[in-house]
Amino acid sequence: MDLFDSNSSERASLPRNMIENSMFEEEPDVVDLAKDSTAFPTFPALDPDEVTYEPRSSRLLVRGLGENDMDDDEEDCESSARLLGMSFMNRSSAHRSNSSPYTRQAPPRSCSRPSSRTIVVCVLFLVIVASVTMVFYFLPGCTFTKAGCHKPNKTNPIEPVYPISTNGELFPWAQLRLPQSIKPLSYDLTLNPDLDKMTFTGRTVISMSILHSTNRIVFHGANLNITKATFKLGDGQASDVTILEYKPRQQLAVNFSEELKAGQYCVLTMEYSANFSNAYDGFYKSFYIDKDRNKRYPLVLAATQFEPLSARKAFPCFDEPAFKATFLIKISRKKTYMTLSNMPKAKSTNLSNGLVQDEFEKTSVNMSTYLVAFIVADFTPNTKNVSETQVSVYSVPEKNGHTEYALTITSKLLEFYNNFFDINYPLKKLDLVAIPDFLAGAMENLGLITFRETTLLVGKESSLLEKQVVASVIAHELAHQWFGNLVTMTWWNDLWLNEGFATYMEYMSLQEVSPDLETGNLFLSVRFRALDKDALNSSHAVSTDVNTTEQVEEMFDSVSYEKGASILLMLNASFPGDQQFRKGIIEYLKQFSGLNTDTDDLWNSLTQEIVNERGKSKTDGCQSAACTDKSTHHMNVSQMMTSWTSQKGFPLVTVNLMGNQVTLAQEHFLLTSDNTTHTLWHIPVTYVNDSCSLAPECRQVFTLKNKSDTFKLSENVTWLKLNYKNTGFYIVDYGKDGWSALAQALFSNVGVLTHEDRASLIHNIFALSRYQSLLIAFSDETDTETSPVTEALLQLNNIYRQLEKRQESNLNFIMSTFRNLTAKQTWEEEENVSKQELRSALLEMACNLNDENCTQQATSLFKKYMESNGTLRIPGDLQQTVFTVAGRSDETWDALFNIYVHATYDSEKRKMLKGLASTQNPQRLVQILSFGLRGSLIQTQELPLVISTMCQSFAGCLFAWDFIQENWDRLIEKFPIGSFAIQAIIKSVTSQSSTQAQLNKVQAFFSGLKERGSQMRSVQEALETIKLNQRWMDRNLPTLQKWL
Ligand SMILES: [Zn+2]
């Protein structure tokens, strides 16, 4: 999946302790055994995969029996005992826990001369004692201790507490992850969508193999109304079965009175009905206007988005990535629609009800459920054959002219990947579909990749920057056809194996396939943003525990994507040869083709490649670079990379140069410096020096594994620059002398370092917040290259936005730093991508800061554009600046809104929408937000963009914050808790706050949400970021005021 908006987010990312606290809160639907005696004695037998112990359920058991009913029983016992003149019950819990529950209830000795009343009391007493004995018999000894039962008892596994199904029966499974006793082999899906009634019916036939003997089948299903279910074991007769449902975990189950034996095969057939999803996941409906053919009524289409947890909303299935199977899909439609699915169409049959049923070929490879996809729509294709594959780009008919670029770049990329991975794309067809209403950037479903229109369609007049977006997203999704679809992570904790790789390959492939797009700069800034986010204490390890559905959603973040990609780049850059990394991943893909893996599998494959290469070098007589580079010669990929994937954060490397002696030290770089950790990384530290600093041959490597280490250079140098081209995932502090030597060197010749190295110095110095010396170099305009300037602009803009939210916006210092460079920018067409990037960044900044020259130019360009009635073109990279200026002016806002409503080209529309959302007019702000929430005139998928734009200004952000608080429940209906869209919204509205009052408001709102979102990691990130901003401002505001 491509996250789109959250990828391109420009601000420093924001924070996880609350998760641990709230994770063990009571789950309301779990049965209280003490109150439901019928539920108590009927636990089914344990499966081999069930011996794990779930603390949450047992804790409930303690509460149910120990605190309420047990106390009542005790009171009854005691009053009975008092009547008998006895005091048998010691209420000390310590006494209970250290004596055996079997021997503690000795029968009372003194009922020797009973009156009738005493007999009644005695009988009552005995009954009570018997009940208590029973309770103690069934409960573990630790139940009444304050600490409860924490450790599983290996000899007597504690039985889990099963929840209650919707029909009142006991649901036979109590965990998030499904049992491993049944393996699905194939699915036969028939879907009958009714686009008029917005409902669908379905029939799912699942063939399964029984791996371990068991009494039940547990799988997933959400919001499906199952009308009939039959089960067939081996060659036996099919018979009706009852499907149990446990809604909170979206699980379904069938209980069997007789055990299903390991080695048998079985078939479960279910018929069901459901509504189309109203959100952007599952099988959802979507509307669009086709201007060519239907001006008045919106047309409808139905499409799927299953990753990560929504295949279960369209059909009952084993919805975890490790349950791979084959799929045969049939969909019925009206004759005016067409259908698409993962595989090529096999046949179409006319049905008696006037509909047509399309049947697709059975998938030729095993596939995870999240990769299944189907679409019912009225789309037209643009097709081309590439090698053995028919590539088609689909869009709504009126936009078919915008598909050519995607078709061309996909063809090139497909050939590149077929060759690079040395494994051909496995299907005969590859469809790329632009869906008018789609939340993510794109989704890599096998053979049927779905996109937003913005990330697939390119108008004839689009700028290279727009092509860069489209090419990057296509490159990312195509890479998934190998990384993710062919070889898939076993569980969502290793999502980075999908996303880190696809992100890395997206930049890598385009540098080869389309160097004119200059994606190197984009990747560099993506790495800076990943560092910013990972510097928070609330960050998480690349490979991290995932135990709730919200945590699954939260894995789709900058750590999985961008940090994942960054550490792969670092690894590749530390390999001595340029082919070893590639050979290692080819081995990995071939070895695990069609299977699931975890992170260690990848590192083992790459380590093996190093070992093989070393073996070869020995027989070659050692001519290759691998033999000469001692540090990498002995590189153990597993050891090195585990330090990067199993620990959160990254190191700060400090360097001290004395003549030719270099001392390096590492520490965990945390923005909250009060958190000291003893984490160490295996860092392949690269460096260049004053005598050789630009060419790749200048680069040398030293692997720092310890807290500190020293090595000698062959000659004395005046300065060192570490982290050559910023390919390593760490930041560097050169010390006072080191920084001034570098500043001096740059001052006399800015070209002494590569532009990546200059940008890396700027990023690092801001991260270290000791930036004065380098800013002086900038005010003298010694640097005019894109990546250093845009990084400096972004960092300064960040500070400016915080100052503005403190009403300190008179500190208009950015303009003075870049005034001359800005004045040099033209307003004509510009061909070169990096010049477009530089120009758009500078002019956007200048106009946002109300630079008169800039706003005048933009206003006049917008007027000409309006007067030309759509014939004049605004250069693509300047459109955002022009539309923003137009949107901020009360005079032109309505005109812009009118153009927006009638515009069809999505990428341009988004720029107009950002312009509209830049207004300071309260009524218009409210109008935009309510349009977005309703999905009228502004699609709901654009709300995260609208909110992030509004939050660029003080007034806008206040409205956005009110809106989010008032409409939180409606927002989480559309965007699941923890999802990237919600992460982006929280980040937008909080990341520029820096005062105690703002912190209090944010904290109060989110903590009040409870299970509706307070446990999200992004809430922790938000709080941590505001505290950091606050601290930074308190420390630096006086200096800034003086200095600026
Ligand atoms: Zn992806």
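Including glycine, each Cβ sits where the backbone N, Cα and C put it.
Just so you know, TrEMBL annotations never went through curation; they're auto-generated.
Taken verbatim from TrEMBL:
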ACT_SITE  Glu477  active site, proton acceptor
DOMAIN    183-371  domain 'Aminopeptidase N-like N-terminal'
DOMAIN    405-613  domain 'Peptidase M1 membrane alanine aminopeptidase'
DOMAIN    719-1027  domain 'ERAP1-like C-terminal'
REGION    1-21  region 'Disordered'
REGION    92-114  region 'Disordered'
SITE      Tyr561  site 'Transition state stabilizer'
Packing count at Glu477 (active site, proton acceptor) (other Cβ atoms within 10 Å of its Cβ): 28
Take the Cβ of Tyr561 (site 'Transition state stabilizer') and count every other Cβ within 10 Å, whichever protein chain it belongs to. 29
In Å, rounded, how far does the Cα of the residue listed as 'active site, proton acceptor' sit from the Cα of Tyr561 (site 'Transition state stabilizer')? 13
Mean pLDDT, the domain 'Aminopeptidase N-like N-terminal' (183-371)? 94
